[in-house]
Structure formats: structure tokens, C-alpha cells
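Novice: What follows is a structure written as C-alpha cells; I'll ask about it next.
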2 protein chains.
Amino acid sequence: MKRIFEVDPWKVISHELKPEDKRLQESMTSIGNEYMGMRGMFEEKYSGDTHKGIYLGGVWFPDKTVVGWWKNGYPHYFGKVINAVDFVSVDIKVNGESIDLAKDSYSDYEVSLDMKKGILTRSYVVDKNGAKVKVTSTRFVSIAFKELYANKLTFENLGSEPVTLEVDSVIDADVYNEDANYDEQFWNVLSKQVSAKDGRLVAQTIPNNFGTPQFTTEMAMHHVTDMEAKGLGKEEDKQVVNTFAKELAANEKVAFEKRVIVTTSRDYADEKDLDEATSKLLDSQAEKTFSELLTAHEEAWDKRWEKADVKIEGSDEAQQGIRFNLFQLFSTYYGDDARLNIGPKGFTGEKYGGATYWDTEAFAVPLYLALADKEVTHNLLEYRHNQLPGAYHNAQEQGLKGALYPMVTFNGIECHNEWEITFEEIHRNGTIAYAIYNYTRYTGDEEYVTHDGFDVLTGIARFWADRVHYSQRKGLYMIHGVTGPNEYENNVNNNWYTNMLAKWCLNYTNEIADKVSDEKLAELGLTEEERNKWHEIADNMYLPEDKELGIFVQHDTFLDKDLTPVADIPADQLPLNQNWSWDKILRSPYIKQGDVMQGIWYFIDKFPEDVKKRNFEFYEPLTVHESSLSPSVHAIIAADLHKEDKAVEMYSRTARLDLDNYNNDTNDGLHITSMTGSWLAIVQGFAGMRVIDDELQFSPFVPKDWEGYNFRINFRDRLLEVTVNKEGSSIKLLKGDDLTIKLNGESLTLTTEK
Amino acid sequence: MKRIFEVDPWKVISHELKPEDKRLQESMTSIGNEYMGMRGMFEEKYSGDTHKGIYLGGVWFPDKTVVGWWKNGYPHYFGKVINAVDFVSVDIKVNGESIDLAKDSYSDYEVSLDMKKGILTRSYVVDKNGAKVKVTSTRFVSIAFKELYANKLTFENLGSEPVTLEVDSVIDADVYNEDANYDEQFWNVLSKQVSAKDGRLVAQTIPNNFGTPQFTTEMAMHHVTDMEAKGLGKEEDKQVVNTFAKELAANEKVAFEKRVIVTTSRDYADEKDLDEATSKLLDSQAEKTFSELLTAHEEAWDKRWEKADVKIEGSDEAQQGIRFNLFQLFSTYYGDDARLNIGPKGFTGEKYGGATYWDTEAFAVPLYLALADKEVTHNLLEYRHNQLPGAYHNAQEQGLKGALYPMVTFNGIECHNEWEITFEEIHRNGTIAYAIYNYTRYTGDEEYVTHDGFDVLTGIARFWADRVHYSQRKGLYMIHGVTGPNEYENNVNNNWYTNMLAKWCLNYTNEIADKVSDEKLAELGLTEEERNKWHEIADNMYLPEDKELGIFVQHDTFLDKDLTPVADIPADQLPLNQNWSWDKILRSPYIKQGDVMQGIWYFIDKFPEDVKKRNFEFYEPLTVHESSLSPSVHAIIAADLHKEDKAVEMYSRTARLDLDNYNNDTNDGLHITSMTGSWLAIVQGFAGMRVIDDELQFSPFVPKDWEGYNFRINFRDRLLEVTVNKEGSSIKLLKGDDLTIKLNGESLTLTTEK
């Protein structure tokens, strides 16, 4: 654990800059608007350790696969989110010398991310050979104007002598990825334009051998300032530069605004279209003041918070934690573009390639369903529908029928190349189907599941029907050679979770097939015979259970292991993944993230309490929660079982994962998809929210150390506010038609206050 | 299958040179003397596709590991056999233009590897702009003088005009490996010396970060010829060159000998020692003629063949096959140096790194025991004893006690980095112990097993004792997370073969412990308590069996698979490893190489016939034999079960693997360690040779298509000759004291013919 920011309900704020924590500070102060985003690196020069990272949603490169030993079926490339052309950097010179806080003396340092408004500000007073200048920076990527990045710098001469100030503002394509397989650069410059106050650069990703699109991006900078433009701008090899200067008298202050319009070939067909669009977009901001642009952005954030805020009384730390998580999630994805998804590091780092994982469907969908309009989740589902051809391709690569959604992807084609994950962690396919079910259950809207959703379900059902095999000896269908959600075991047989989900998928698809049109069935070529086969497989699917222990068995031979609980592992051997060999981990009974528990969570209202209890009490003591996705699921199930202390313990491991750098890796970027965990733990866990038979239900409790909490929920065109405190719980309908819900088992009809 | 050589009992001979088969021809005409060796590439220039490969036994480089995804415990480097400084190349110019058979017209081409004498000859008539020159080349690496490479070229002017002939003879360190992780060059030149007729070059391997030794090598060339030395020799950046020239009148002929002395820092401490040794070695050949040097070499080969030849009547193809295999095996290893071992490609290619695999102990030890003096096998065993510290290191890297012999190594430290192989294919440890048992059983000499051998056995037993776990549920010891000899399944539990071998190792080590000195026990810190634990584990080791089928079960859940036999796989899907995804292979029941069968082979006289029969008939139909190590084991067991046709079928898949390029990969190099298979199939299979209770036994048959066969066996200071033909079998004692053996179950006392 390492906490480098102060505790504050709405801000991530620090008054210190430790060089060894620079990357951590950058990760934590990332901003984004789904369309683009960036880490909190400085605009000005910094010669110390830093990770300059700017990313454009959906812009990536297929980097040729690196393996030690090739296996048939491995994908040929790993998709990488690529570091965009740098439009942020500004070199600030005081009396001819660049500010560089890695070397300069400075004081009054503050960095502050305002989560309510979505603005990053920073200020300090630098002492350059006796010249004291106060520098402030305010920057945002507008959620009201997606192509716009705006940065306002102010410089104030605090000394008694005049100071010459010079600013070089650049657009620079000479950038590298920290995570590139061959240390290659991904951008070629196509064209440059520069004038005294403006500059433009068009760059294209380098060609690739895999038939995936090359991306073109145009960056256009415009400056608003009282500083004087020096010269007519400069073109260097891979950059354009505008230079401004001013002599500041003692106590004089000057402002400098850099506004950048970013467009890409994702939205515009060719360079000409890009150029025209860029010009139009430049025009549309030209007449507006920084403050007007900022206000539009803040108002948009207000709307988001109005629907989604969670208030916690009695724990400022928890308050800051939940808001930070929601802020970063919304900065990464807010459903504006069905071609985008939620990368595990969002716009905050390069690790994991920035692509789509099953985390989205498993952990993000339930949150977006409740916190945003249903179109947001609908777009997440459409993303997978659009990538169905890729999923068919992936199955075919394995010699299998149907559709296999990828472990990691940008375009539907599998990117990952560990056989035990790529080929075996096929339970992901079940979660893609589950998300459709979840959406349908929450919204009550069957339109999706009976149309596009049914294409997806059918592809998935066909995959399962081919992936199972019939065991003559047992007289049952089995699924061999899988990795369950617990990635600390590989290549197991009959993983209960996977088999259960496969069976459920076959049944659910058959159930929906009864509701879809004949045209749809015909279009998919779905026959009675095929549906009967699905029934037969589902009816005869082997689900390992242990009668004596009364539990579901994680996989065939799990109970043969040495089942010593985690509590008996010496503390200095934890986390296992940093202390044990992979061999020892694999053979151990220790669970990285819930496996049987993941399945119980998905269908939490379908299992009897004693079954849930026996399984939880058997598996949780064997679980090391070394995936950031694990504790929240356990918090919810613990709360469901009235194990309130356990639920709170689990919650505490997810709420401030990045704020307190629990895993000691937040310097690489934030754990975006895990950020849903704290919200899930509060809403589904502490407040016990469920949707059962079209009805919203709650059974809340307040953690001992809290006074209370309050959150808002969006449910079938209503906005509800749930307040829970020591005195009890109350639910208000803020917007929408009357609604009957259950609170602690009792029906309650809610009406808006007139 | 592709046969590019003619069938001949003692020769590998061809009169064709197809550019597309050049690499295959080079592999097939490799020569070696354990100390060094080379592929059959031309001495002269060849601008077509070729693989110039010259290798020095035990000279290697630790190439930094490449992986897609790192796992804790992976080794940091992969050891690579490196392409030596090129001492073979000779540029031959006719009237100023280099001979290059990729471009020139030529006729009367012949290449011939004489396996009886260990000589590679080649001849052709080249037509260079009307000048016709006959070129012949004879080369060998002497097995009577290990540091000596000799090459005699003759040039004969067949035209009517005089021809100017010029030869540039080089030592050249500007070489690459085809198989290098980072395309790096491995040699730095330390010094060069050159005079008119001689040249020397000292080179050192580039530094590495892994603490493994850098190797220095000195190459010294000396020329014997009537051609005139031109100039004083040349030093180029990374090479030294001697140039010779002569004008040949019509029908005139001239000879050119290049002799090279190769020394390395493996034998000499520093550059000064190297240089002195090289000078001495140069002197010791200087007075000898080519023919004298050659005779010594041929005589040494004669001695080898006298002990080891196998004669087959009625099948020239089989005859050529078995001799080719023995020739290449002996060229790779003949036990002169206990620091060396048998790389899977010997000196014929770079694939697999050229290091030591468990193939040596499993498949080569039984052959060398019978075909060479016992010191040869003793040296192979000492190799592992010397590397015991590395084996302890490997176990420790996995967090385990005792010694884990590596999958791939040069120095005892594990090199391979696939978790399912590196961490899991631990049965190799059992084979290291088995080889000690095999040596002791065959030689009757307990000296090794009670001294150095016991160090190895103890390390291995300690590993097994820590690697098992106790299953409370079953009340037995288990071994989870292994890969058996069948590499088409990974991460299985309770692989019968592995568990059986582990149990055997513990018992055997305990048995030997009774025979070793108290000093040895004290030195190893072996207590009664530890030995009792070994007993307890061995007595309670779980060995999966199926009572109903009466078979050993390959691993816990094998019988749950879809057990469709190989015969039902459509032919166009074979071999599976070229047609199926890894996922499909893993989940299939198809066995790459015998697994249960490997264990039955090891203890073939310990299992009742009905047990062997049921297991063979169950597993063989599921075996695809896609490892070149598989068929021979099945040939032996089939023969043991009187399934003569099956035995012959299996034999035919191993005997001419490279000669007929069955696997379509011989262009990369020969399958050296698999070459033992055909000998094993004949001797242990067709002739039924066993050593049971100190007694040699035979129960021979003749394959239908053969007339008969004859082989020699070295057994406890005797030399025996076994002749088997349609009339029956006879066994002669050629050398040594009287010996009682069993032939077809009957005792027979053999005496040498006086």
C-alpha cells in the first residue's frame, strides 16, 4: 500500500512531487472522454522518470506475436493500444531555460484532479536562477465536445525583475510505446502545416501484414494568448512547433491557451475529409472562451453525477474511493460509440494492450445498466454483435464450430497467445451471453435478445455444442481442457463454472429461440434438430458436485489437492504470484479469483442459501484474491449470506485499489475494469440490490464503521435514490412512473414527490 | 517421404544435386567425431540455398529467453549450439572466376558418404566458359586425432587449353546462427596470424549476462599442395586467407590439402596455452601424409564397426538404414569426453539448441551399453553427476527440494521455457535414475551406483518426496500437474508412468542405500527418518488403474475422453500436429509417443504377459507416433507379445526416418537421438534381447521380408555375435570368458572358438 494523495471527497490532490512516485501520480491523475484520454504527465519538460501516454479510443496496431514456442492456433498478432501523436507537450522557458521540475527548485506544488468537474489542475512556483514564476495549468478533454483538448497555462512573475517567458507548443509524432514487441515506432507523418499561431500534423500508423486497418489522425492546435507569436512556426522532422514569447514585468501575469482538435480516420474517410472536419471543428470552438468551453464540459459531468453519485457518510476514504472509481470508469467509457469498449487500463497506460476483455460483460455491464441510460449498455452489447464474424473466425482457428469470443481483442479476432488462456479460458463465451441476459432482465426489453442478441447467442450455443464431448464411461457430456476464472489452475476438466454456464447458454438460447421470428431462425439456419441436440446436451451435462461436502466441485480433481487454507500460508509468501513458482501455484488449491463463486454470483437468486453458504465457506478460505476482480464478488455473496464483516473486509480490498496502490503496479496505469468492484460491493452487496422477476429488490445494511450511504439507480426510465443509514433505509423515486419494489422482503410502491 | 540417395549397404550416395534438396543433402552427409562436426555443405562457394553449419562439441551460448508471457520459474536463457568459426570454406577460381554450382554448368556429380570409413567425398566436372575442370573433394574429421579436420581437393584440367586455378582458403569468424533469438553474431575475433601458407585465428564468444563461461577457440590452417602460395596471406576484418594458384596444362592435375587444427578453451586454460597446444598439434600432423592420417581414422572406424555392426540380409534398405543410424550416432558421441552429451541434432543442425535431453538416458544408453565399452555409458552417467548442482538449482527455482534434471541443458541448468514442459515433464528425472539402474543391470558393476550414482539417486528421490502431495480424500500420495512422455496432453494428474517411476525411484534409492558406505550416507545427510518417509510414500503412491479394462490408466481422467481410435481419423488430418489446433490435440485421446508403454518397456520383464497385452492393445490404437522416439518402443513390446507384423510395421517407421525424410524436416538436421530406435527394435525387439538376473537372454524371430540378420553385442567383457535367419538362431562368443545365456528360454553356455 502506498498513498500519495490526500483524502478528499471530490478531489485527488497532492502537495508533493516525489520523483520515485511520478508515474504513480501520472496514472492517478489521468483524464479521458471515451474518445481520447491521457495520463497526468506534465505539459512542460520533465527529465526524470515519466511515462508520457496519450491514447485515442479505438486506434491500435497489430504487433506481430512474440512467443517462445509456437502452438497451432495462436493468433498472428497482439493488438496494442498505441501512444498517440503527442499534442500535449509545451516547453516553457524562463529567461531562455526550460522549466524542468526534475532539476529546478520549486515550491507551493499542487496537483489536483477535480472529479466533479473532470479537470486536472496543477500549480507551483519555480525558481530559475533567481527568477520566480508561478505556473498554473488547467486541462481537460471535453465530454461536451469530444474532439477538443484544452489546456490553459498561466505564468506570473513573482520576482522583482522582469522575466522573459517563451513557450514552444508542439504536435509531435516522434513517440514510442513502452509496450511494443519490436521497439518500433507506430506513426508515419503524412503532412504538416504551420503558421504563426497554429499548427497541424497528419500521421498514419505504419503498414501491417495482417489486413487490419491503418489509422490516420489529424491534430490541429490553436493558441489563444496575449503572448507574442515568434516567427511563422516551425516544421521539424516529425513535429510542428508554435513559439510564443513575452517579457513579464514584476507581478505581471499572462495566460496561454493551447486548444487541440483531434480527428481520426475512424470517423472520416480520407485525408481530405479529415482536414475539412478538423477545420470545421476548429471554427466551432474559435469564438468560445476557455471558460465557456469548460462550463459545457462541467455541466455534462454534472449530469453524469446526478445519475450515478454514491455518497458515503462516516468514511472520507471510502467516499473518495468510490467517486474515483466511477470518475475513471466514465472517463474511459460512457457508451457514445458502439465501436469502443473498456480497456483494462483505459487511457491510463499501455499494459494489456488496451483491448477488450470479458471484464466488460462480467463486471462493467451491471454498473452501466444502473448508472447510465440503457443505450450505453446496448452499445456494449452491439460491440460484440459487430464482432461476431471475428468470433466465428476464432472458433474456426481452433477447428470448432460456432463463435468463440476472444480473450483479448480490438476487432473480434483473438489477440492473446497463451494456450491455457487463449484456447482454454472459454468461459468468457458464457459471460458474453450472460450480459445479454443481464441487460434483458434489468431493462425488461426483449428487443435486443430476440434480434441481434440472438445472433450472438446462437453462435455461442453452436460453439458449446461442438466443444463438449460425450464420455461413454460416464454417459454424460463433458468439457475438457479449460481454464476457469481461477487462472491459478490451467487445463482442467469439467470446471463447474464453465460447464454450468455452457449448459445455461444452451438452455437460454433455446428459450429465446421460442420468441424470435421464423425469419430470424431461417436466417440463422437453426433447425429443430439442432435445438434438440442443444436440449440433449444441456440435459446431460456433467456438473461436478460433492455430495458429502454438499458443494459444487471446481473441477474434476480439485478435491484431491492438499486443501490447506490461505490462512496457513506464511505471510511472507503472499502474494503467491510474486513469491511462488508457476508450478507451485498451479498445483496448489489457491484460487486467484472466485470460480464457483463467479457462477453463484451470476445466478445468486437461483441457489438456496445453504448451498451458497457451504460453497462460500469451502472456497473463500482457499481464495487469495490476487485478481482485482475477485473481492467484489465475494463481498456481494458474503453480504447475501449476512456475513457482514466478511463483506466489508472484501469491500475494503477493492475500494481504494489504485488510490492506495495496493498491488504496487498502479504506476503502469489504473485498474479500470476492476473499478466497478467497489460499486458492485456497495449496491449489490451492502444494499442487496437484485432484479428478480422484473422487480427491483433491496436488503441493505450499513458497514459498522460507516454512518450511512446513499446512491442513485437508473431502472426502466426511473431514477431512484437509495439512502441507508443506522436508522434504516429509504428509497426515493426521483423521476419516472410509480414503481413497486421490495425492501427487505416487503413490497413498497414508490411515487415521485410532487 | 523423399528419398534423394541411392540404396547402398555402406554408402549414402547420390549423383544428383537438386537446389531444392541442397539442405537435405547437407544434413544427410554430415560428419563428426564427437569433438566437432559439420553438415555436408560445400567447401567452395554456393550461392543457392544452403546451410553452412560447423559445430564444436560443448561450445554454446546462453541466448536470452524469448517468451510471450513470463511465468515465475522460467529460465533466463536458452542454451544454443553455435555455429563455429568457419574453417571449411575454400573459394576455388577457374580463370579468375569462382566455382558456384548454383550457377555453373557441371556434369558427373557425385556425393558419397562412406559410413565404413567415415569419409565424405564429392566430385564433378565444372564447365567455366569452356574450361572443363574435374574437382574432387575428400574430407573427414579424424576420430583418431580429434582436433584434426582434413580436406583434400584435386583439380584436373580436362580441357585442351591451360587453365589458371586459384584457391582462397579461409578461416572466417563472420558467421551467424540460423537459430539466434536476436540475430546476434556469437564470435568476437581476438587475434589473427597469417603467413604465406598458414593462418590462425583466435575467437571468443561474446560476453553474456548469465555467468556462463565464454569460450575461446583457435583455428589453425596448414596447406599441403604443389600449388604456389600467392603473397603472404591476408587478414580481413574477421578472417584470415591463404591464396594459392597454379596454371594447369591440359590433362594436368594438382592436389590441394587443407588441414585445420581446432582447439578450444574447454581443454586449455588461456590463449597462451591454446596457442602452444595448437602449435604442438600442428607439428604432430606435419610429417604425415593425407593417406597416413586417413588410415588412422579408418582403422578407428573399423574398430567401432567390429563391435557394433548389424548385418541384414534380404533388405538393402534396412541394411543402409541401420548403418546410417549407427554411423551418425557414433559421429555425434562415442564417450570420449564426459562433459559432452548427445544433442538431438548432433553436429547436423541448430534446432533444439543442440543440448542434452532425456532421450540420451532413455534411448541412447541401452545402445551404447551394448555397442561400446562400458566407459562410454559411464561417461554419460558422469555427465549427469557433474551437473547435479544444476539439478538442485532447478528444483529450487520451482520451490522444491532435491534435484530436478533439466529438460534441455548444456550445464545442468534448465534452458527450456514452456511451463507445461519445463515445470511438468518431470518424468525425465525418473529416466536419469533408470539409466543408472540400466547400467548397473547390464554391466553388473555396482561401483557407480553406490558412489557417484547414489548422489544422483538421492537428489532425485528427495525431489519426488517433495513433489508428491498427500490427498486426504484418497489417503494416498499423488503427483499433480505433470506432462508425461505423451506431450499431446499437458498438466495432467497422476500420470501412471510418472507416478510409477517416482515410486520406483524411491524404492530403488532405498535399496541402494543399504549398499553404500556409512560415509556416503553421512556425506549426503541421509537419515533413517528420511528413508522411512521414502518408504511410506512409495508404499502409498497412487497408481491409476482400471480394474474393468485391466489396464494402467494414463492419468486420472484419460478414460473420460472420446476414445475413438487413430484408424478412424481421416487420413488428410494426419499428422495431427500439422493439421489440428493445439486445443484439439490436447483434448483428444491421441498419444504422441508411448506413455504407459514407455513404462512397460522400462520394466518389460516385470509385467505379466496379459497385463502387457491388454495395455498394448488399448493404447497402441490411440497412438499417432508423431514423435520419432515412439515406434521403436512399440516394436519392442509388440515383438515381446509375439505380434510380429506389428513389430515390423513399427520398425519400418523408425529405420529410415532421415534417409527417406519421413517427417519432412531432415533439411534442418538429422534426428540423432531417434536413431537408436531401429537398433533397439532389432535387438530388443526382433531378437528379444534382455538382461534378467545377470543373464543375457534372446528370443529371436526374422521379419517376413528379410532373410536374416546378424549383430554384435558387447556384454561384460565379452563380444558376442548373434545370427538369426530362417533356419534359426545362433550365438557366437567372439571374445572373452565362457558365458551362460538363454536362447528361447533354454540355457546355453558359450565358449570362444579356439
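Numbering starts at 1 and runs along the chain as displayed.
Heads up, the Cβ atoms here are built off N, Cα and C, so glycines get one too.
Not my notes, these are from TrEMBL:
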type	residues	note
DOMAIN	A:14-266	domain 'Glycoside hydrolase family 65 N-terminal'
DOMAIN	A:323-679	domain 'Glycoside hydrolase family 65 central catalytic'
BINDING	A:Trp358, A:Asp359, A:Lys592, A:Gln593	substrate binding site
ACT_SITE	A:Glu487	active site, proton donor
DOMAIN	A:689-750	domain 'Glycoside hydrolase family 65 C-terminal'
Novice: Beyond A:Trp358, A:Asp359, A:Lys592, A:Gln593, what residues of that chain have CB atoms within 8 A of the centre of the substrate site's CB atoms?
Specialist: A:Tyr357, A:Ala362, A:Pro485, A:Glu487, A:Ser627, A:Leu629, A:Ser630
Novice: Return the residues near A:Glu487 (active site, proton donor), defined as same-chain residues 6+ apart in sequence whose C-beta is under 8 angstroms from its C-beta, sorted by sequence, else 'none'.
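Specialist: Non-local contacts for A:Glu487 (active site, proton donor): A:Ile421, A:Glu425, A:Lys592, A:Gln593, A:Ser627.
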Novice: With every protein chain in view, what's the tally of Cβ atoms within 10 Å of the Cβ of A:Lys592 (substrate binding site), excluding that atom itself?
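Specialist: Excluding its own Cβ, A:Lys592 (substrate binding site) sees 22 Cβ atoms within 10 Å.
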Novice: How would DSSP class A:Asp359 (substrate binding site) in three states?
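Specialist: DSSP call for A:Asp359 (substrate binding site): helix.
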Novice: CB neighbours of A:Gln593 (substrate binding site) within 10 A?
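Specialist: So the number of other Cβ atoms within 10 Å of A:Gln593 (substrate binding site) is 23.
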Novice: Counting across all protein chains shown, how many other Cβ atoms sit within 10 Å of the Cβ of A:Trp358 (substrate binding site)?
Specialist: 23
Novice: Looking only at the domain 'Glycoside hydrolase family 65 N-terminal' (A:14-266), what is the model's average confidence as pLDDT?
Specialist: 97
Novice: Around A:Asp359 (substrate binding site), how many other C-beta atoms are within 10 angstroms of its C-beta?
Specialist: 24
Novice: Let's see if you can do this one: DSSP helix, strand and coil counts over the domain 'Glycoside hydrolase family 65 C-terminal' (A:689-750), in that order.
Specialist: 0 helix, 41 strand, 21 coil
